[in-house]
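Structure record follows, encoded as structure tokens.
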Amino acid sequence: MVRLTVDLIAKNSNLKPRKEETLAQCLKKITHINFSDRNIDSIDDLSLCRNLSVLYLYDNRISQVTNLNYTTNLTHLYLQNNCISCIENLSSLKKLEKLYLGGNYIAVIEGLEGLEELRELHVESQRLPLGEKLLFDPRTLRSLAKSLSTLNISNNNIDDIKDLEILENLNHLIAVDNQLMHVKDLELLLKKLMKLWKMDLNGNPVCLKPKYRDKLILTSKSLEFLDGKEIKDMERQFLMNWKASKDAKKISKKRRSRSEDASNSYISNFETVHHIVPVYYPQVGKPKVIFFSDVQRYLVHGNASSKCSQEDKTTITEDIGNLSLKESESSLTKNDIHEPHLLQNPKVKENLSEKKE
């Protein structure tokens, strides 16, 4: 196995020391070191490389990140395809902008607190135990919320990326070959990531859902590329018009439904059986006069109720007759006596005699 030391760096660098120039002075000039694919398994003290800004250590056998505390000017660190299982000892790299950790054994994204300048984080294709997925430490996500612009989490068996909504300045998300299933979850995420303009989700089950692309384009106005394909203005405008037409039809349908419901409710109330109390009004106008001759005609022709006895019929006839006689007598005037039998009345005779005299 090989350990990365300053001597190894000096031997493999293209530096040509000047006369009377020390090793420390030479190492201080180094800004880029490339020791990729050299079977390196550990990192020695690199404090003499104070101006180191880019370090390539990918495709090695490094299992632990150490001795980078004094490389405070480091901006790019390439550690992909090593044997790293834990992200640690990076808090002093205040100027770090790009960190590549893909192809390792990392199960949790953590230990990045304090990296306020980190813009790109690549943690794709971690070699995880079967059935496990890559997780995110909330503290790390909070610390990267304002700085991170590019995140690569591809091929990590991830089925939920809701936690990423805190990354308010994220503009490029790469999450291909995961287990994302639901379009609704992606819509909610896109509503939060207002600056996201490029997203790659190829290889996820969600890509096979109906209207997947259309729904995401309609949700995010900032998105310009989806799954490697550009979103053109004409495509977005067409989808917006289609959605507006669809929404208008829904609103119209709801209004018609409400109107029909109201009409049916009115008819239903109208048809409801109510108990109506009858109101009787007194008869107004001239009363009908029943003459004795009419009653006789009624009885002769048998129109009276069969239930009435002969005795009842006689009584009724007599009562009506008496009533008619009384009314006739009271209405007589001195000149109006047409019935001979009334002359037998003494008072009537007296009145007639006085009139003649």
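Glycine is treated like the rest: Cβ placed from N, Cα and C.
Here Swiss-Prot flags 335-357 as compositional bias 'Basic and acidic residues'. The domain 'LRRCT' annotation in Swiss-Prot covers 204-242. What Swiss-Prot lists as repeat 'LRR 2' is 51-72. Summarising the annotation, Swiss-Prot assigns repeat 'LRR 4' to 95-116.
Helix, strand and coil counts under DSSP for the repeat 'LRR 2' (51-72) come to 0 helix, 3 strand, 19 coil.
Note on the domain 'LRRCT' (204-242): DSSP counts are 22 helix, 4 strand, 13 coil.
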